[in-house]
Ligand code: LLP
């Protein structure tokens with residue numbers, strides 16, 4: 001469910017015609033709907049009512065300050081994976097005690113930043129990281145609240161590049177070493193060992209792998225408790241998938257996911273941490289783009305857009321398919337055309353869709369990519385020296401440009417010419 005719908009024949013974001021936003025900001029641009037963000041957060045939170053569960057939005061999915069502030073106002077916490085995301089979350093108004101710091105390669109500087117801020121939990125992924133955190137914490141005279149992220153050797157996810165829970169992946173402590181590492185963590189003076197963390201992948205559309213992974217974590221919790229360790233927290237990660245196209249099989253509802261969590265994990269009595277990203281932001285955003293040219297060849301029709309793989313990399317990187325709709329609602333029963341939708345970037349992989357049926361489009365027409373609110377703007381780059389795509393937040397009948405399009409000067413502001421080249 002989202003709030004990008006046709007009204008009077010034209011696409012709206014909540015109550016605002018998208019064409020009005022485009023007049024103000026141009027294309028390409030990302031547009032987020034407050035109502036969808038809030039709705040998704042609330043539905044997810046509601047599903048866990050009655051459980052001691054904390055929701056930490058995975059900031060990597062959407063790092064817009066305005067989006068984070070919107071979620072902060074709902075009481076949502078943050079799951080961060082860098083010092084930058086940590087500072088951003090604090091700036092957005094998410095208190096440190098609602099922040100979890102995940103990630104496989106946190107530097108000592110980042111660990112120090114997190115401890116000084118007083119984050120709720122740091123998820124540790126290796127023995128060397130545990131050692132570094134212990135040293136930093138002792139140096140600061142504090143004890144770091146830690147969950148050990150284990151790799152349950154159960155991989156899942158919409159694409160091999162977003163599977164994290166396999167033994168072959170770089171994430172988490174190898175299953176066979178998990179007990180040993182937890183005991184080691186509990187023995188270190190700078191570490192306050194709280195429990196376990198797991199995250200098996202992203203865009204998972206089936207509950208079975210979650211159930212298997214969580215069951216393994218519960219079994220490990222029992223073993224560790226029997227061995228005398230105190231386990232009070234379980235971080236279950238993110239990963240629940242969303243529908244990208246109407247034809248997709250519907251992924252499990254948050255309520256189904258929550259009841260599976262109840263079945264598997266709630267008996268432990270642990271505080272549960274959940275880290276949804278895509279589920280909250282994915283369908284709360286669109287990317288709007290303009291048709292630059294329509295190029296007909298003997299065999300294909302290419303719709304060439306002003307948005308490229310640098311603005312939305314998911315199709316090129318994960319073979320993702322985002323629904324594409326025109327801003328002007330096609331008349332019922334109107335003829336379509338089979339075409340390839342491509343960007344302007346000089347790469348053959350700059351293709352958004354192949355052989356899709358779209359209404360006839362011409363230069364100047366606008367289209368929207370749906371489900372672009374997660375892993376869209378955050379993964380954008382300046383490749384081909386193209387400016388980072390601006391972002392807009394809509395609330396009811398209002399909208400605001402929350403990140404402007406950089407000027408050429410902005411884009412080169414950090415560069416300098418060495419003096420041996422300057423004359
Ligand atoms: N927690 C951890 C430890 C994670 O690594 C991730 C995502 C999440 C939570 C949030 O997962 P979500 O609920 O959003 O599935 N760029 C890829 C997705 C990469 C996900 C990485 N980790 C894409 O566009 O599909």
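Cβ from N, Cα, C; glycine included.
Positions annotated as active site, proton donor by TrEMBL: 346. According to TrEMBL, the feature pyridoxal 5'-phosphate binding site maps to 239, 275, 276, 277, 278, 375. Sequence annotations record features per position, and here TrEMBL assigns substrate binding site to 278, 314, 318, 347, 375. According to TrEMBL, the feature domain 'Orn/DAP/Arg decarboxylase 2 N-terminal' maps to 36-281. Under the heading N6-(pyridoxal phosphate)lysine, TrEMBL lists 60.
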Candidate with the highest Cβ count within 10 Å, taken from the recorded positions 60, 278, 314: 278
Integer Å distance between the CA atoms belonging to residue 346 (active site, proton donor) and residue 239 (pyridoxal 5'-phosphate binding site): 32
Fewest other C-beta atoms within 10 angstroms, as judged across 239, 276, 277, which are the binding-site residues: 277
Distance-selected recorded positions near ligand 1 (C-beta under 6 Å), from 276, 278, 346, 347: 276, 278
Cα distance (Å, whole number) from residue 375 (pyridoxal 5'-phosphate binding site) to residue 347 (substrate binding site): 20
Predicted model, mean pLDDT over the domain 'Orn/DAP/Arg decarboxylase 2 N-terminal' (36-281): 95
Residue among binding-site residues 318, 375 with least C-beta crowding, 10 angstrom cut-off: 318
Residue 278 (pyridoxal 5'-phosphate binding site) to the residue listed as 'N6-(pyridoxal phosphate)lysine' - Cα separation in whole Å: 9
Extra residues within 8 Å (Cβ to Cβ centroid of 239, 275, 276, 277, 278, 375), pyridoxal 5'-phosphate: 58, 60, 61, 202, 238, 240, 279, 280, 281, 374
Binding residues 278, 314, 318, 347, 375 (substrate) - maximum C-alpha distance in whole Å: 27
Nearest of the recorded positions (60, 275, 277, 314, 375) to the residue listed as 'active site, proton donor', judged by Cα-Cα distance: 314
Intrachain C-beta neighbours of residue 275 (pyridoxal 5'-phosphate binding site), sequence separation six or more, cut-off 8 angstroms: 56, 57, 58, 79, 100, 102, 199, 235, 236, 237, 238
